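Per TrEMBL, the feature iminosuccinate binding site maps to 55, 73, 144, 145, 146, 161, 230, 231, 232, 247. According to TrEMBL, the feature [4Fe-4S] cluster binding site maps to 118, 204, 290.
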Ligand code: 13P
Ligand code: SF4
């Protein structure tokens, strides 16, 4: 790795404004270690014309201090489709980087740790989808965006947690195979008259850990607590919550409603990232960590920008099929 600057007066002056957004979650001493990375990453972004996309589950140093575009999977997919940067560095998990490459095949797409996976993406393959088609002839297949490009290439259309219902309703069929997240499928089933057929092997290893008992305990301990849950949570968790939506929907909920106390039933960095943005809101924990998202760090982001690797490659024949599924999703208004 190149030489990292000291936490000098110059680095301090260039980064102090960024500390304001993270000061409640990053102690000053830790910041002085992080600030030189942030300074150098922001320099390299300009020098090399690199756009940094960051998912809402990135840690606050990445989310607030180095990203150009932040968002949920839907937002990041949309941005990836329209950027004119030469290189896109995805701070998120591998399927997100693959989706970016599928939408921008001529650009260089980087991810700092290609082993940053996802239990949902790992639960189904393109071959599984082909088999499902044989077992359910003529039934359209919707796949959650948390899948590999190879899986996306075999389905009819993609969806994210931000547009799942819209996509389901846009399909001209009373029966739909909805893969791979069985909990998202069950949560959507309560909102549509169409029959959704689930994939029994798919769930998010982070969201399936929450329990109704712990939500009830937190409600008992915090008067007026508002509970908002990601729809990857099991049905009973969503039922025990006041609102459910994608990570971007959850942020919009906090922005619009400004609850005094909120429990975000999702990945831990969401509350950390919002703490600096909404000082009037108290974020009550628990949360669960996504071990895959947490593989992306300031250190490996800097290394990636210096070496311009690891790069994401998707086979051309896979790109064509996956692009069709993702673009169909983006066309649904
Ligand atoms: P969002 O699309 O809501 O950001 O969700 C992606 C994800 O992986 C949540 O676990
Ligand atoms: Fe996958 Fe769950 Fe991690 Fe999201 S939080 S990337 S769905 S394992």
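The backbone N, Cα and C atoms fix where each Cβ goes, and this holds for glycine too.
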- Message: If I take the Cα of residue 118 ([4Fe-4S] cluster binding site) as reference, which of the binding-site residues 55, 144, 146, 230, 232 has the closest Cα?
- Response: 146
- Message: Through the lens of DSSP with three states only, how would you label residue 144 (iminosuccinate binding site)?
- Response: strand
- What binding-site residues among 55, 118, 146 have a C-beta sitting less than 6 Å from any atom of ligand 2? 118, 146
- Item | Sparsest-packed of the listed binding-site residues (55, 230) - C-beta count within 10 angstroms | 55
- Message: Around residue 204 ([4Fe-4S] cluster binding site), which of the listed binding-site residues (55, 144, 232) come within 10 Å, judging by Cα atoms?
- Response: 232
- Task: Taking the Cβ of residue 146 (iminosuccinate binding site) as the reference point, list residues of the same chain whose Cβ is under 8 angstroms away and which are at least six residues distant in sequence.
- Result: 73, 95, 118, 120, 121, 180, 181, 204
- Query: Whose Cβ, among the binding-site residues 204, 290, has more other Cβ atoms within 10 Å than any of the rest?
  - Reply: 204
- Message: Can you name every residue in this chain, apart from 118, 204, 290, with its Cβ inside 8 Å of the center of the Cβ atoms of the recorded [4Fe-4S] cluster site?
- Response: 93, 119, 120, 146, 205, 206, 207, 232, 267, 292, 293
- Cβ atoms near residue 118 ([4Fe-4S] cluster binding site) (within 10 Å, other residues, all chains): 22
